[in-house]
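Asks: My questions all concern the structure below.
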Amino acid sequence: MHITEEISLPLPHYVGKIISSVRNKNAKYVLEGEYANTIFKVDEETGDVYAFERLDREKKSEYELTALIIDKITNQRMEAPSTFVIKVHDINDNVPIFVQKVFNGSVPEMSSVGTSVTKVTAVDADDPTIADHAKVIYQVIEGENYFTVDESGVISTATANLDREAQPTYKILVKAKESLGNTGREASIATVFITLLDINDNFPTFKKGSFHFKVPENTPIKGEVGRLEVVDIDEPQNRNTTYNFVRGYFQDTFKIITIPSTNEGIIKPQKPLNYEEIKEYKFNVEATDPTVIPRYYKPGGNKSIASITIEVLDVDEPPVFSQSLYIFKVEENNPQKNKQIGTVSARDPDAANRAIRYIPRISSPPGNYIKISDTGMVFLNQALDRETSAWYNITIRAVELVDKNTLSDKESQAHIHIQVTDVNDNAPELTYPEEPRVCENAEPGQVVTRISATDKDEMLPGVYFKYSLATEDSNFTLSDNHDNTANVTVKYGQFNRELAKTHYLTVMISDNGKPALTSTNTLPISICKCNERGEVTFCEASAKIVGVSIQALVAIFVCILTIIVITLLLFLRKRHKKDLNVLRNNVAEIHEQLVTYDEEGGGEMDTTSYDVSVLNSARKNTMKPPRLNLEPVLSPYAQIQKPTESGHSGTGEMEIMIEVKKDEADNDGDLLPYDTLHIYGYEGAESIAESLSSLESGSSDSDIDYDFLNDWGPRFKMLAELYGSEPTIDFVY
C-alpha cells in the first residue's frame with residue numbers, strides 16, 4: 001500500500017483495502033503489528049485501511065502490518081494471516097542543512113589556483129531516490145574572490161596570491177540550497193575559517209644598516225664580540241639566516257654563528273685580539289636565507305647588507321712567554337754551581353712594556369734546583385742526580401714589575417723540563433740468587449748458580465758486565481755467559497763440611513763505562529749433604545750479606561731514641577702523679593691538725609689537768625726539763641693510756657708526756673714545719689694551777705721567768721716571745 005506524506009486533507013486518510021476470499025457474515029478484519037490500531041485502523045466489515053495521523057517520511061518511511069480475518073463469535077482465525085507494507089511517498093518538503101555550523105581548513109600560502117582547502121557537507125532529509133528531492137547546491141556568498149566551492153562541497157583557492165604575511169586567516173560563508181526550481185525556500189549557511197600555512201618565502205633584513213661594538217683585547221677565542229639582529233617575517237621554523245663577509249679582510253679573525261632560536265648572528269674571534277697591533281676592524285656582512293623557494297622571490301632583493309665596526313679596547317695584559325715549554329739538558333753530577341743551562345723569555349705585550357721578573361714556582365721532584373736572572377738566564381743551584389730523577393719539571397712565573405721592587409698582579413706561567421743525561425757514576429751490584437747451595441761431594445765443573453748484576457746507571461745497548469773472583473785459590477770458578485750473567489761452577493770438587501759449612505765467594509763486577517767502575521760483592525754458598533743422586537738431604541741456611549745504608553741506620557737510631565724519650569716521659573709523669581698524691585694526703589693531714597685560735601678556753605678548770613708547780617720549779621732552778629731518750633712515735637696522733645685517778649699522780653705523768661712529745665717534735669724530720677696542735681685522748685685530772693690566760697697574766701704582777709721556753713725548740717717560739725720578755729703590748733685573743 002502507498003500513501004503520500006504530509007497530506008493536507010482532513011483525517012483519516014485512506015490508505016488501501018484488505019480483501020479475503022472468506023464469505024461469512026460472522027467474519028471481521030483485524031490488524032496487528034507496529035502502529036496497528038493507533039496510526040492505522042481497518043474497517044471490520046469492508047477491510048478499508050485508514051491513517052489517523054499525518055505521516056512524515058523523514059521520520060519513518062515504511063510500516064509493516066499483519067492482516068487477519070477472524071470469527072466474531074469464536075474469535076478463531078478463519079484464514080491464515082497475511083503481512084503487508086505501507087510505504088510513505090516523499091513530497092520534497094525539506095531544505096539542505098549543514099552537519100555543523102563552523103568548518104575549519106588550511107592551505108599553504110601562495111598555493112596555485114584550485115588547491116583544495118577543506119570540504120563542507122550539508123544533508124537534505126528528502127528521498128534521494130526521487131530526482132532533485134535531495135540534491136544540494138553549494139555557493140560561496142562571502143569571500144568568493146579568494147575561494148570557491150564545488151557541488152561536492154570541496155572548497156579550493158580562487159587565486160594564487162594568498163600571502164600569509166599580508167593576511168594569515170580568512171573567513172568565508174557558504175550557502176547550501178536545493179536544486180533549481182525550488183529556490184524559494186530558506187537556505188542553510190555555514191561559516192568556514194581558513195588559515196594560510198607559512199612557507200619560507202621571505203629573506204631576512206638587518207634591523208639597522210650599521211653595527212658598532214667595543215670589545216676588550218683579552219676577549220677569549222670563541223668568546224662573544226657582539227650580536228647582529230635581523231628581521232624575518234616568516235615563522236621561526238622557516239627562518240634560516242646565514243651571515244657572510246662581503247667586504248673586508250678579517251674573515252680569518254672573526255666568524256659569525258647563527259642562533260636558530262633567535263635568528264641572531266654572534267660575532268666571535270678566531271684568534272687573539274691585540275690592541276697594540278690593530279685597534280679597529282671594519283667590514284660588511286650580508287644576511288640571506290638560502291632555503292627560500294626561488295619562485296616566491298619578492299621585490300627588494302634576496303640579501304641584506306650591514307656595515308660592522310669592532311673597536312678593540314686596551315687592557316693590562318699579563319706577560320707572554322715566547323714558548324710555553326722549555327727543554328734543557330744537563331749532565332748529572334755536574335759540580336759547576338751557577339752554571340747556565342738555558343734561557344727563558346717573556347715580554348709585556350702592552351705599550352708600557354714593563355720589566356719582567358722570573359720566579360720558580362713548583363718543582364717535581366720538590367726542591368730548589370734553579371734560579372733565573374731578570375734577563376731570563378736559567379742557572380743550576382745544585383748538581384742533579386739522574387738516578388734520583390731523570391727529569392726535573394719546574395713551573396716558572398713571569399711577573400710584571402710596577403717599579404723596581406714592586407710586583408704587579410699580572411703574571412703568566414711556563415714550564416721548564418730539565419733532562420739529566422747519565423754518566424757512569426755507579427758500579428754494578430750483584431743480584432743475589434736465592435740460597436745457592438752445593439753438595440759436598442760435587443764434581444768439578446758442576447754449575448752451582450747463575451749470577452747477574454744491576455747498574456743504577458742507564459742501561460744502554462752495549463753495556464757489558466765482567467765478572468771475576470778476588471782470589472784464584474777458591475774451589476769455585478766463574479764462566480761468562482756473554483749476556484751480562486755468569487755461572488758459578490765447582491773448580492776441584494769434594495768440599496769438607498767439617499771445615500766450613502758456608503763458603504763466602506768474593507765476586508768482583510766491572511762495567512765497560514768511562515771510567516769503568518768495579519764493585520766487590522760477597523756471595524755465600526752453603527755446603528750441603530746430598531745422597532747418591534745429588535739430592536740435598538741436609539743443609540744449613542746460609543747467612544745473606546745484607547748491606548744497610550747510612551739513611552737506614554739513621555732512621556733506626558731515631559726510632560730507638562724516640563722510644564727512649566717516650567718511656568722516660570711516661571716514667572716522670574707517673575712519678576709526678578705519685579708526688580702529687582702524697583702532697584694531697586699530707587695537706588689533708590695538715591688541715592686535720594690545724595686549730596683556729598679564736599676558740600674560747602675552758603676557764604680555770606684547764607689548770608686541773610697538770611701541776612703548774614712543776615713548770616715553776618723548772619724555771620726557778622734554771623734547769624732544762626729532762627728529755628727522755630725514747631723512740632719517736634710514727635703517728636702524729638700518738639695515744640697514751642689514761643693513768644689511774646689515784647692521788648695526784650697525773651701531774652707527773654703530764655710533765656713526762658709533754659717532754660716526750662716535745663722531744664719527738666724537735667727530732668722528727670719528717671713532720672711538716674707548721675705550728676700544729678696535737679690532740680690527745682688523755683685529758684688528766686683537774687689542774688690546781690692558776691689560769692694561764694694572757695689577759696690575766698699580762699695584768700698580773702707575776703715575776704715568773706718564762707725564758708726556759710726558748711730552750712724547748714721552734715714549736716714553743718710563739719710562747720717564748722709572749723712570756724719570755726717584758727710585754728709592751730697587750731695581746732687580746
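Every residue gets a Cβ built from N, Cα and C, even glycine.
When I checked TrEMBL for this same protein, it listed these features:
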- 24-98: domain 'Cadherin' (DOMAIN)
- 99-206: domain 'Cadherin' (DOMAIN)
- 207-321: domain 'Cadherin' (DOMAIN)
- 322-430: domain 'Cadherin' (DOMAIN)
- 430-538: domain 'Cadherin' (DOMAIN)
- 552-572: transmembrane segment (TRANSMEM)
- 573-600: coiled coil (COILED)
Asks: Go ahead and report the DSSP secondary structure tallies for the domain 'Cadherin' (207-321): helix first, then strand, then coil.
Replies: 6 helix, 52 strand, 57 coil
Asks: Within the same chain, where does the transmembrane segment (552-572) have neighbours whose Cβ lies under 8 angstroms from its own Cβ atoms, ignoring anything closer than 6 residues to its ends? I mean 6 or more beyond.
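Replies: Distant Cβ neighbours of the transmembrane segment (552-572): there are none.
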Asks: Summarise the domain 'Cadherin' (322-430) by DSSP state, stating how many residues are helix, strand and coil.
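Replies: The composition, in the requested order, is 0 helix, 57 strand, 52 coil.
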Asks: Average pLDDT across the domain 'Cadherin' (207-321)?
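Replies: Reported value for the domain 'Cadherin' (207-321) is a mean pLDDT of 89.
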